[in-house]
């Protein structure tokens, strides 16, 4: 699948325009995008990064990393996904960067999601849904989510997000109404961010292949 990821990332470069500050996500597919972006870095002003991992890779290539507080709204955000449905709703957060990813997506006029074909699903939920939580609320939220959804929350032990929080992964879900579940989970006290990107879903999905498919 690495070649499919690379092809999706290369296709996304076509959406980068001169003078842009580009929002950059996190993950293995985005790593290919950062590498491709490095080849045209003379055309862009810099990048807003969603994680320390992506920041390090951008800086390795000499791409200027700009804080979102200083960049203002962005024209373009490119990120991957753990799952993607036919309506361009996503599950994200396998790399634990979901909160910053969602913030940058919200700040961006256009959100391009780059995936390999294995990430396309008819119904979201086979991939465990990540939820970033305040540490003291972890057990409470796990019980509430179990009661609310029937899913099985597990604590991603040993993982601390860039924001200093913890991750619950919710297994055994069939998410037929992603926007509703995103809204309901967001209302639980102690939830920082839900890894459902439904209210702010992708505008374009690029599925890597020969040739890449643009949805």
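From the backbone N, Cα and C atoms, a Cβ is placed for every residue, glycine too.
A quick note: this is a predicted structure, and the numbers were derived from the prediction, not measured.
The Cβ of residue 101 (active site, proton acceptor) has 31 neighbouring Cβ atoms from other residues within 10 Å, across all protein chains displayed. What Swiss-Prot records for 101 is active site, proton acceptor.
What Swiss-Prot lists as substrate binding site is 26, 27, 28, 29, 79, 80, 81, 82, 92, 93, 94, 95, 119, and the listing cites sequence analysis. For the recorded site, residue 28 (substrate binding site), the DSSP three-state label reads helix.
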#### Entry: Residue with minimal Cβ packing [other Cβ atoms within 10 Å] among the binding-site residues 92, 119
119
### Message
Using a 10 Å cut-off on CB atoms, tell me which of the binding-site residues 28, 79 is the least crowded.
### Response
28
